[in-house]
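Asks: Pasting a structure below so you can have a look.
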Amino acid sequence: MLQIQVEEKEEDTEESSSEEEEDKLPRRESLRPKRKRTRDVINEDDPEPEPEDEETRKAREKERRRRLRRGAEEEEEIDEEELERLKALLDENRQMIATVKCKPWKMEKKIEVLKEAKKFVSENEGALGKGKGKKWFAFKMMMAKKWAKFLRDFENFKAACVPWENKIKAIESQFGSSVASYFLFLRWMYGVNMVLFVLTFSLIMLPEYLWGLPYGSLPRKTVPRAEEASAANFGVLYDFNGLAQYSVLFYGYYDNKRTIGWLNFRLPLSYFLVGIMCIGYSFLVVLKAMTKNIGDDGGGDDNTFNFSWKVFCSWDYLIGNPETADNKFNSITMNFKEAIIEERAAQVEENIHLIRFLRFLANFFVFLTLGASGYLIFWAVKRSQEFAQQDPDTLGWWEKNEMNMVMSLLGMFCPTLFDLFAELEDYHPLIALKWLLGRIFALLLGNLYVFILALMDEINNKIEEEKLVKANITLWEANMIKAYNESLSGLSGNTTGAPFFVHPADVPRGPCWETMVGQEFVRLTVSDVLTTYVTILIGDFLRACFVRFCNYCWCWDLEYGYPSYTEFDISGNVLALIFNQGMIWMGSFFAPSLPGINILRLHTSMYFQCWAVMCCNVPEARVFKASRSNNFYLGMLLLILFLSTMPVLYMIVSLPPSFDCGPFSGKNRMFEVIGETLEHDFPSWMAKILRQLSNPGLVIAVILVMVLTIYYLNATAKGQKAANLDLKKKMKQQALENKMRNKKMAAARAAAAAGGQ
């Protein structure tokens, strides 16, 4: 009897099946113990086995595979020592994956080490789940990897969804951060207006369109008979009269019923609350952006080793696009120019007496310009009031649009004058920009408030006119009833007269001062947009074409002399954007469509102005870096928001709404819709509690507490900022002391070595 112990050598038939089973098991080959199996004892004298039938052979093959599978499972049992060693190796490789880009190695070595670490983790991470009690750990590791990948992909998705990011990066690389800050501000304003539009469209315009009474059902929703012939003309629609006036675009179209539609939607309440909500949201988002910028600004001075940081840390090694690399190169170059200009400006010696005289002269000219523009606005307002009393058919296009055109032209030419005056002052470019913005802001704010005062006079005239219209409507109704009764008296006894009916287009109506206010703001917005675009086409595009194609045959160099290419007017564009947004906040309560019109304006402005900057403008001769916190723009926006909402709140609280148009018709004041809702839709005890909470004494106390809290938080923030500055100074001083101590120790060691020799 010969016994043969055979070391396992997989045969062809067994090799394929065993490898298929092993591939399904994620394990590390090097950590799996070697295994040997002793086959059955083979006796050479035994007779050859009889041939098996098909069923017996299949049963034996199935049993063999079951034994192989069970053996593979037993083989996966790893002892505790090997398991701990594998965990340590996996943690080490994961740490290497996370920190390999920070290693001071060549790129080839980084890539090679990263590939090896990822391969090791992917091959051996599943081995931790083999054995009793380890599968839950493997599942957690797998889910952690999938969650990290999901977060990374989601961040990439959010970055890809940021609108106009590549356009703004290209502009920043060519023109610097100061010009790019305007487009970033424009994009932020686009997002704010998108939220305002969603609120007004979904809660005001859409419910009225779906559930309100259709056009022609009420006098407020019908074009008067005298205007029907010209209601659809382009000139009338461009002036937002005719069909545009009697639509959901303006305040007067909305019905004053408490509920509309099968959902019993409370439209007057929604209209009032959405108007207040838009104002509150605007304040909240501006203040939040300002606080975020303050947080991003850091705690103090951060200019230590400024040029060293720019030299060694500016390049992004993950860039793989040649165009992106060119933009990044230009951006780094522009950043160096900005930093060098900042450094030189801090070392320039100035003639203080000459500079003071020139600055006084510049401010004198600025005050003259502001006074002249104010007088011109006042004169235009007086003329517009005179034109309002005349027949509109006798007026020309300029006479109808004189007020809007004067304001647009002043906003276009006065910033250029202020820019010329700023050349006399010789401020640092960033400080000069702030002075220029402040002057243009004062100009536009004065123009806006003169416009509001003119509107207030017109509103008072409309309110007086309403009283006469009410009396006339009463007489008209009495005459109509009298005529109807007379027509019935002429009929025989058994004859029924026709029902009394008057078409809504024939009913007399009031002037509806709210719609008039909304129309004025919409017209001013549209005229401002058209003026801006025409200015870009004529002042930038045609000028650039003339300089580009006529420079070869001209007497002097047009590119470096007069007229040359234009520079991008940061101050004028920023103030125009802020001024326009102030008009949106002021007029959106009386024209719910105004945020949507402004979205179209901002959307087209982004593409149009980006094209104009890249094709028609040149970088500024005086390069400067924009502030890291954009709070100067936001501060002016917050001020214009406050000044814009004051007239609106005054109109809501003090002026009576029109009697025959708008959702608040029939009430003495617009805010009475809140009391009406409390009376009809809330329990009496809740209405009583809300009235007590609205007590002026309690409101004043809450406001005082809020003011004191804000003061305390502001003082705390200033103290923390001062503490951060002190800590930075101490750290710098400690670094200098350590440096001097190391130098002394090195000198002492050198002296000792020299003495020993």
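Any Cβ shown, glycine's included, is placed from N, Cα and C.
Taken from Swiss-Prot, the feature compositional bias 'Acidic residues' covers 8-23, 43-54. Per Swiss-Prot, phosphoserine is recorded for Ser30, Ser122, Ser308. As annotated by Swiss-Prot, phosphothreonine applies to Thr38, Thr394, with the evidence given as similarity to another entry. Among the features that Swiss-Prot reports, region 'Required for interaction with CIB2' is placed at 81-130, 298-352, with the record citing experimental evidence. Per Swiss-Prot, the feature topological domain 'Cytoplasmic' maps to 1-176, 298-353, 425-428, 551-569, 617-630, 732-757; the stated evidence is a curator's inference. Here Swiss-Prot flags 215-265, 385-396, 464-512, 655-697 as topological domain 'Extracellular'. What Swiss-Prot lists as transmembrane segment is 177-214, 266-297, 354-384, 397-424, 429-463, 513-550, 570-590, 594-616, 631-654, 698-731.
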Asks: Taking just the CA atoms, what is the gap between Thr394 (phosphothreonine) and Ser122 (phosphoserine) in Å?
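Replies: With distance taken Cα to Cα, Ser122 (phosphoserine) is 84 Å from Thr394 (phosphothreonine).
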Asks: Look at the modified residues Ser122, Ser308, Thr394 and tell me which residue has the greatest number of other C-beta atoms within 10 angstroms of its C-beta.
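Replies: That would be Ser122, with the most Cβ atoms nearby.
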Asks: How about the transmembrane segment (397-424) and the transmembrane segment (631-654): at least 3 CB pairs under 8 Å, pairs 6 or more apart in sequence, or not?
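Replies: Counting Cβ pairs under 8 Å (6 or more apart in sequence), the transmembrane segment (397-424) does not reach the transmembrane segment (631-654), since there are fewer than 3.
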Asks: How about the transmembrane segment (570-590) and the transmembrane segment (177-214): do they have 3 or more C-beta pairs under 8 A, pairs 6 or more apart in sequence?
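Replies: In this chain the transmembrane segment (570-590) contacts the transmembrane segment (177-214) - 3 or more Cβ pairs sit under 8 Å.
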Asks: Looking only at the region 'Required for interaction with CIB2' (81-130), how are its residues distributed among DSSP helix, strand and coil?
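Replies: Across the region 'Required for interaction with CIB2' (81-130), the residues distribute as 45 helix, 0 strand, 5 coil.
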Asks: Please report the Cα separation of Ser122 (phosphoserine) and Ser308 (phosphoserine) in Å, rounded to an integer.
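Replies: Cα-Cα distance, Ser122 (phosphoserine) to Ser308 (phosphoserine): 40 Å.
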Asks: Which residues of the same chain, at least 6 past either end of the transmembrane segment (631-654), have a Cβ under 8 Å from a Cβ in it?
Replies: 181, 185, 275, 279, 282-283, 286-287, 289-290, 293-294, 434, 437, 441, 445, 448-449, 452, 456, 459, 517, 574-575, 578-579, 581-583, 585-586, 589, 669-671
Asks: Pop the mean pLDDT for the topological domain 'Cytoplasmic' (617-630) in here, whole number is fine.
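Replies: Mean per-residue confidence for the topological domain 'Cytoplasmic' (617-630): 58 out of 100.
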Asks: Tell me whether the transmembrane segment (266-297) sits in contact with the transmembrane segment (177-214), defined here as at least 3 Cβ pairs under 8 Å among residues 6 or more apart in sequence.
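Replies: Contact between the transmembrane segment (266-297) and the transmembrane segment (177-214): present.
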Asks: I'd like to know if the transmembrane segment (698-731) touches the transmembrane segment (177-214) in this structure, counting it as a touch only when three or more C-beta pairs sit under 8 Å and are separated by 6 or more positions.
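Replies: When sequence-distant Cβ pairs are counted, the transmembrane segment (698-731) does not touch the transmembrane segment (177-214), since fewer than 3 lie under 8 Å.
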Asks: Counting only residues 6+ away from its ends, which parts of the chain sit with a Cβ under 8 Å from the transmembrane segment (354-384)?
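Replies: Tertiary neighbours of the transmembrane segment (354-384) are 402-403, 406-407, 410, 414, 417-418, 421-422, 424-426, 439, 442-443, 446-447, 450-451, 453-454.
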Asks: In terms of Cβ proximity under 8 Å, which residues at least six beyond the ends of the transmembrane segment (429-463) contact it?
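Replies: Same-chain contacts beyond the flanks: 178, 341, 366, 369-370, 373-374, 377-378, 381, 384-385, 388, 403, 407, 410-411, 414-415, 418-419, 422, 511-513, 516-517, 520, 524, 570-572, 574-575, 578-579, 582-583, 586, 620, 622-627, 632, 636, 639-640, 643-644, 647, 651, 655-656.
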Asks: Determine which residues of the chain contact the topological domain 'Cytoplasmic' (551-569) at the Cβ level, with the cut-off under 8 Å and only residues 6 or more beyond its ends counted.
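Replies: Same-chain contacts beyond the flanks: 175, 179, 182, 415, 419, 539-540, 543-544, 613, 616-621.
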Asks: Count up the helix, strand and coil residues in the topological domain 'Extracellular' (655-697) according to DSSP, in that order.
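Replies: Counting residues by DSSP class gives 22 helix, 0 strand, 21 coil.
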Asks: As a quick check of your reading of DSSP, tell me how many residues in the topological domain 'Cytoplasmic' (551-569) are helical, how many are strand and how many are coil.
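Replies: Once the DSSP states are binned, the topological domain 'Cytoplasmic' (551-569) shows 3 helix, 2 strand, 14 coil.
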Asks: Going by DSSP assignments with H, G and I as helix and E and B as strand, what are the residue counts for the topological domain 'Cytoplasmic' (732-757)?
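Replies: Reading the DSSP string over the topological domain 'Cytoplasmic' (732-757) gives 25 helix, 0 strand, 1 coil.
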